[in-house]
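TrEMBL annotations:
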type	residues	note
BINDING	Lys66, Lys90, Ser344	substrate binding site
ACT_SITE	Lys102	active site, proton donor
SITE	Asp142	site 'Important for catalysis'
BINDING	Thr185, Asn216	NAD(+) binding site
Amino acid sequence: MNALAATNRNFRAAARILGLDSKVEKSLLIPFREIKVECTIPKDDGTLVSYIGFRVQHDNSRGPMKGGIRYHPEVDPDEVNALAQLMTWKSAVADIPYGGAKGGIGCTPRDLSTSELERLTRVFTQKIHDLIGTHTDVPAPDMGTNSQTMAWILDEYSKFHGHSPAVVTGKPIDLGGSLGREAATGRGVVFATEALLAEYGKSIEGLTFAIQGFGNVGSWAAKIFHEKGGKVIAVSDITGAVKNPNGIDIPALIAFKESTGSLYNFPGGESMNPNELLVHECDVLVPCALGGVLNKENATHVKAKYIIEAANHPTDPEADEILSKKGVIILPDIYANSGGVTVSYFEWVQNIQGFMWEEEQVNKELKKYMTKAFKNIKGMCQTHECNLRMGAFTLGLNRVARATLLRGWEA
């Protein structure tokens, strides 16, 4: 099941639980605006090449729309639609004043030089500059983009609108980026895990963790689990997988990957088949990579007691049912990986105030937001007698529906 179908299915189930009016339900599913633009640039050899850029703006009832921009050859409109919608619910679950958006350009970033990427980013910004803005739609980095991409967008946008540091988040620190932003999603995953485990009288210390994906989110989550006394016993990414039943030395693994570019042949553990990581014996499984990795084929073999969805949509609905029947507790993506958008919000707030925070304050506020959101999700679970995924979806959906109706939605 693709991301859009799965998101719509969760949305409809939550709408039924809440007893939403069908007209409101339909209105909340349809994006506020979809933008598609042609971006033609001269390549370094002088030839012209055209790309298609787009932005889906899903909902702005609770505040400006917010979401990443990805550069990827298969930027699929359906997936972007699903991710824009997911951002609406994610912001509402975290209780930050944003709606959802997502966008991107269908290109292969590694085939473009830095100057070609810069020209492409600037042309894209020229085409959408009057449809984004500090109080309209605030982009952020995503797959294939980074803080440099945001710096180019900021610069190009500011040529039209004056210096506007709050128009994008995930910027370099020197241009108004927030301290703690780089680690935010991974750190948020850890805070979410702590909140969940506390419900069961447990803590990170002494538990075993298997982590799929060792990019930004996976490596930060692993590092912080390790610091807090958790035993990370298996890690995988596209370059390979490593296991050590006594716990992997995560700082050593990070240093090894930085120097070799791979997990393969790491001396502090033995190699394993990356496909086995998801069914590895552990207390807590943390998928941090792609969507749809837990499916009906492998769900029956999962041995973890808790699954923390650090990736977007890692669990197919079929796998969800199988795992629930087995008694596995799943912490849903729209809560578990919301640390990134929460610290993006802190960056935006700092830019608007023109007053930057210390990293300790960023992390303290992040913990406060993640802990409060978990309590609110649990409240919805008790009210509606549902699992954590439906607790999170009903919480987010209810907030957006209430804001929509209060603003004067006409039936």
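Note: Cβ is positioned from N, Cα and C throughout, glycine not excepted.
Bear in mind that the values here come from a model prediction, so they are computed numbers and not experimental data.
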Practice item. Identify, in sequence order, the residues in the chain of Lys66 (substrate binding site) that are 6 or more apart from it along the sequence and have a CB within less than 8 Å of its CB; answer 'none' if there are none. Key: Met87, Ser91, Tyr98, Gly99, Gly100, Ala101, Asp137, Val138, Ala140, Thr169, Val341, Ser344, Tyr345
Revision key, fill the gap. Least surrounded, by Cβ count within 10 Å, of the binding-site residues Asn216, Ser344 is Asn216
Revision key, fill the gap. One should report the C-alpha separation between Asp142 (site 'Important for catalysis') and Lys90 (substrate binding site), rounded to whole angstrom, as 16
Point to revise | Local Cβ density at Thr185 (NAD(+) binding site) - other Cβ atoms counted within 10 Å | key: 24
Exercise for review: Please work out the number of neighbouring Cβ atoms within 10 Å of the Cβ of Lys90 (substrate binding site), leaving out its own Cβ.
Suggested key: 28
Practice item. List the other residues in this chain whose Cβ sits within 8 Å of the Cβ centroid of the substrate site residues Lys66, Lys90, Ser344, in sequence order. Key: Gly67, Met87, Ser91, Ala94, Ile96, Tyr98, Gly100, Ala140, Ser338, Gly340, Val341, Thr342, Tyr345
Check your understanding: Using a Cβ-Cβ cut-off under 8 angstroms and a sequence gap of six or more, which residues of the chain neighbour the residue listed as 'active site, proton donor'?
Key -> Arg55, Val56, His58, Gly67, Gly68, Ile69, Arg70, Val80, Asn81, Leu83, Ala84, Met87, Asp142
Check your understanding: How big is the Cα-to-Cα gap, in Å, between Lys90 (substrate binding site) and Thr185 (NAD(+) binding site)?
Key -> 13
Review point. If you draw a 10 Å sphere around the Cβ of Asp142 (site 'Important for catalysis'), how many other Cβ atoms fall inside it, taking every protein chain shown into account?
Key: 21
Review point. Max Cα-Cα distance in Å among Lys66, Lys90, Ser344, the residues listed as binding substrate?
Key: 13
